[in-house]
Amino acid sequence: KGKCPEDGWDESTIELFLHELAIMDSNNFLGNCGVGEREGRVASGLVARRHYRLIHGIGRSGDISAVQPKAAGSSLLNKLTNSVVLDIIKQAGVRTVTNCFVVPMATGMSLTLCFLTLRHKRPKAKYIIWPRIDQKSCFKSMITAGFEPVVIENVLEGDELRTDIKAVEAKVKTLGAENILCVHSTTSCFAPRVPDRLEELAIICANYDIPHIVNNAYGVQSSKCMHLIQQGARVGRIDAFVQSLDKNFMVPVGGAIIAGFNESFIQEISKMYPGRASASPSLDVLITLLSLGASGYKQLLKERKEMFSYLSSELKKLADIHNERLLDTPHNPISLAMSLKNLDENNDGAVTQLGSMLFTRQVSGARVVPRGSVQMVNNYTFKGFMSHANDYSCAYLNAASAIGIKKQDVDIFLKRLDKCLKASRKDQEKSVDEMCTSNIVTEQLED
């Protein structure tokens, strides 16, 4: 049926299935005589076993989705993976998606592939309208494709940074729709930035006949992000949305899913990929989904949402204890932010020092964002980089509830953060005491 099984398979069944696929590839035929330059020969038995002897990769030189006659098993693996992943995307909330494929590149390069495909449809276009999000790979994806990003600054609503729809439409009118390759929007992001207003952007794209590409990096795990994509496609225009394999399905880095609502356009993108491709990302995600089953994956999504509520409530308590506050970002379903005003006001380096303290205490993924940092990315200068705004009102710390997080992770993080904040406060008090002592000594010497 090409759908994810409801209940997961045991490892022995999965391995048997993979071995059956592998013996369909010509490099594993007992009487095979290969005289070409690419015959699936592998020098190391360890490497062969690591890949279950599925050596040929996926696709052909002209199309990553094409069937390779001498690699029937690998081709079947590719078709099944794309079909199973499509089923999961539908179950995650984008019901009307029509086509998708796994590409062996991470999110940034996959976005680049989408932009390069659009180049052939809109040869005069040189601009990409991009509501600002301070993450380098999605910005560089536009530069690498040879286009000029038009950065639209966000508007502050309460604590949240949201899409400036009026500025987007004004820029479309100024530049001219025919000169714009696409609008490049974002769903999953670090608070206080929240997902773009996809419905409004999709309507603008439909009205002005401009393509719309969505960076949905880790949005599959969020019902809210998936709902935004579904609604955007319903009321307006979304041509493709791109999501990471590792962030959404807990597999090694190196793959992404390009999906969309127009089957022929998604096929065009797959044909744009030059040459064959590694089957590893497809193999990893297929094994994972067969192991979890649809019910197992849904359970992980449910647990993630529960942990988000728990992290939010506990981080708010900790913020209150330290005279800080949990920023109010209700439109962000994955990431949270806690102010660091007291650290920032009393010591210029205290905020970044807190980040170092957390890292040395084996807290990974938490980000501290100081005020006023400037970053140059491909000759573009971003003021207040990492905060998604030129001058956000306070320094802050990010923490996220992503798929696979456990209560133990949250509890240990909060415990270590509490200790680091206390240590930072003691260091500040010590510095103030030393400063006061120094001033007294100076006054006495002057007397």
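These residue numbers are counts, starting from 1, taken along the chain as shown.
Each residue, glycine too, has its Cβ placed from N, Cα and C.
The annotation pyridoxal 5'-phosphate binding site is assigned in TrEMBL to R38. Residues annotated as substrate binding site in TrEMBL: R60, S61, Q68, R276. Per TrEMBL, the feature tRNA binding site maps to R234, R361, K426. Here TrEMBL flags K247 as N6-(pyridoxal phosphate)lysine.
Structure coloured by features recorded in TrEMBL.
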| residue | record | Cβ neighbours (10 Å) |
| --- | --- | --- |
| R38 | pyridoxal 5'-phosphate binding site | 12 |
| R60 | substrate binding site | 16 |
| S61 | substrate binding site | 10 |
| Q68 | substrate binding site | 19 |
| R234 | tRNA binding site | 13 |
| K247 | N6-(pyridoxal phosphate)lysine | 22 |
| R276 | substrate binding site | 21 |
| R361 | tRNA binding site | 14 |
| K426 | tRNA binding site | 10 |
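Among the recorded positions R234, K247, R361, K426, the residue whose Cα lies closest in space to that of S61 (substrate binding site) is K247. When the Cα of R361 (tRNA binding site) is compared against those of the recorded positions R38, R60, Q68, K247, R276, the shortest separation belongs to K247. Cα to Cα, R276 (substrate binding site) and K426 (tRNA binding site) are separated by 58 Å. Excluding R60, S61, Q68, R276 themselves, the residues of that chain whose CB lies within 8 A of the CB mean position for the substrate site are, in sequence, G57, I58, G59, G62, D63, A66, G275.
Distance noted between the C-alpha atoms of R38 (pyridoxal 5'-phosphate binding site) and R234 (tRNA binding site) is 45 Å. Within the set of recorded positions R234, K247, K426, the entry lying nearest in space to Q68 (substrate binding site) is K247 (CA atoms).
For R60 (substrate binding site), the spatially nearest entry among the recorded positions R234, K247, K426 is K247, judged by CA separation.
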